[in-house]
Amino acid sequence: MSSRFPTKGRIIFHVDMNSFYASVEAAYNPDLKGKPLAIAGNPEVRKGIIVTSSYEARAKGVKTTMPLWQAKDLCPELIVMRPNFDRYREASKNMFEMLAEVTPYIQPVSIDEGYMDITECADLGTPFEIAENIQKRIKNELDLPCSIGIAPNKFLAKMASDMKKPMGITVLRKRELATKLWPLPIDEMYGVGGKTAEKLRNINIETIGDLAKYDVYHLKSILGINGERLQNRANGYDPRPVDPDAVSLFKSIGNSQTLPYDTTDEREITKLLRSLSEKVAERMKRKTVVSENIQVMIRYHDRKTITRSHQLHDYVEFSEDIFNIASELFFSNWNGKAIRLLGVTAQQLTEKEEMTKQLDLFTYENEAKNENLYKVVDDLSEKYGKDVFKKSVTHEGNHSVSTSFQKDFLDDFKRD
Amino acid sequence: MKFNVQRNQLMESVQDVMKAISSKTAIPILSGMKIDVTEEGVKLTGSDSDISIESFVPAEEEGIVYVENIEPGSIVLQAKYFPEIVRKLPEQTVEIESDEQFNVTIRSGSAEFNLNGQDAQEYPQLPKLHTENSFELSVDLLKDLIRQTVFAVSTSETRPILTGVNMSIKDQKLQFVATDSHRLAGRSIPLEDSANKELFSNIVIPGKSLNELNKILDDTQEKIEISVTENQILFRTKHLNFLSRLLDGNYPETSRLIPEQSKTNVMIDSKELLHSIDRASLLAKESRNNVVKLTTKENTSIEISSNSPEVGKVFEEVTADTIEGEELKISFSAKYMMDALKAINSEKVNISFTGAMRPFIIKPAEHEDEILQLILPVRTY
């Protein structure tokens, strides 16, 4: 069996859930199957954009980030639903747990995709068989479709998983680059965004193959170090390992929201800052972290965007504190013009468990007066384990809906 | 201006006054070094307007001639080049001469440097201090006072007054206190003739000034005279004048913040504790305040530990001479503790704790009224 299992190099899978939110909804309610379905931010107001859509909707031209009204124009029978993040989180957790049964070397990159390194899994079958088993299992047990790319590194695996959707399994070998990868238009290359693609087309790079053969110095002069990196990838070289811990290296927790209409109404703004602060605090609570730096983002009606942050001398974790800092930051930096979007981000996060506070000679009495309380908590923790005090905190916030696409929920499946 | 000087004596003086000269000064001429020559000898001056240093090479002392062929005069030289030139001159004797156009010639052996100087008239006058409010101290004692306190000054400008050392005279005692609000270091000495010294009972000297002064002064029994005015302090030895501005503002009243009672008292070998904390701090992270934990154990044992989840753990038991009072578990900065133990420099120390969230005090087992090191603990969650 392992005679077909490659012995040189690594074998990386990229598992990509197909139209994940829509698929999860269809799994919950089979009546939706086979129908054009879209998940949108908020169907009533203008910020309602398509977050994801089923393949039936895509066939009519519905695309992610398209405004709702435009999607409805293209596909009048479109079924629109608001996101149920708790469902997606649950499904994502189940999916990653299945992957984790194959190998511990999995690296979730978002709620619906992740890498696996199955180099050490020869005893489970050929790579293709392993991929087939994973795909079948996710389909049978979760009723969710996925595509899997198999390749010697992350970049090629990612490209491969994109080649056949839905429910595809694609092997991309290095010797197949010229026929399978190079003919693809440059903007289909992972890592090439709109601006980069434009720059590349300006120098007559139309396909990934063009990029692979282009003069590296010229490329660097246009794209900097990233130019070389992209060219290496186009040539099938990508040294990044699958890092199971990468997901926990989150740096910040932030939420932002577009206002229903451009506004200068301070009450409206304050209300939004408060609700954003609550969401951030909620997510911080879920991750049991505290922050030492709060940032606000202001986007004006003309799309001009500024961010301002405040370095704290103490930790914050509660929404009230975050709100106070955020609104002070906002009102000392707002130029008074109409605002389209606001964001609040907690930066410099520390695990609560790792938190320390150097007491101050002039203020230590604040802490000292609670010393007996801390001591009781400490003693009980020692006796019954730290969870005694943490569980009640971590569980209560599960009902709230957050419209963030951050990766913090990916920790959930790992923590359990 | 013209004179011949012994290179070693000149070099020493140059090095001293260089401590006050900064290349980044608001007044351009202060990036230079002033040389004044009189029949008595050569005086070098350097200043950054916060600190001013004058160092004197006498023409003759105890029968040894250091400066000769004197034609009095003054000049200001570029401090960027002068010290290196003096250091590298080939012979023991150096001849320095300036003309009316402020061109300076430095000769030694067959080497000759021509430097552009500046008019000494342009150099700001240093304030003359009345020396009525003065007292004397031996140099090595002053160095002890500085060394045992100055490390605890604040490096942050959020409370500028804490970047200085508080000097006060009270009850026939001279006291130095420094705190960055996380730890406090105090040292006091009896002052023999302090009859009329109440005039400057409470001043704050910039920590930076004391650090520089400590570098310049050699460990000797010689006397140093300290004079204070409203906003300046002058330290004067035979050949050195060290003038520093004082910090404006009131130093916080710290004595009432120092706990008078204690709940747990530990007497322990200073070196053993220091080394154990040094080892434990290997795994303590700076971002977490370098925190180590001290736990009292059975008998006279204490445990020093540190834990960095992503690195590892360390535990070590150290035997104390005595432990009295309540059990205790306390976390604190390893750095602060090591700084304090090094400053005390005594074989045994007494540590008095009043609880895990309150400052604790470290004193030498002997002469315990003279040195006080106080550390605020770190709260862990």
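Glycine is no exception: its Cβ is also placed from the backbone N, Cα and C atoms.
Automated prediction, rather than curation, is the source of TrEMBL annotations.
Annotation source TrEMBL lists domain 'UmuC' at A:12-193.
According to TrEMBL, the Mg(2+) binding site annotation covers A:Asp16, A:Asp112. The Cβ of A:Asp112 (Mg(2+) binding site) has A:Asp16, A:Met17, A:Phe20, A:Tyr88, A:Ser92, A:Met95 as same-chain neighbours under 8 Å, each 6 or more residues away in sequence.
Among the features that TrEMBL reports, site 'Substrate discrimination' is placed at A:Tyr21. According to DSSP, A:Tyr21 (site 'Substrate discrimination') is assigned to a helical segment. Counted within 10 Å of its Cβ, the other Cβ atoms near A:Tyr21 (site 'Substrate discrimination') come to 24, all protein chains included.
DSSP assigns A:Glu113 (active site) to a strand in the three-state reduction. If you take the C-beta of A:Glu113 (active site) and look for same-chain residues 6 or more apart in sequence within under 8 angstroms, you find A:His14, A:Val15, A:Asp16, A:Met17, A:Ser161. Sequence annotations record features per position, and here TrEMBL assigns active site to A:Glu113.
All protein chains considered, the CB of A:Asp16 (Mg(2+) binding site) has 24 other CB atoms within 10 Å. Model confidence over the domain 'UmuC' (A:12-193) is summarised by a mean pLDDT of 89.
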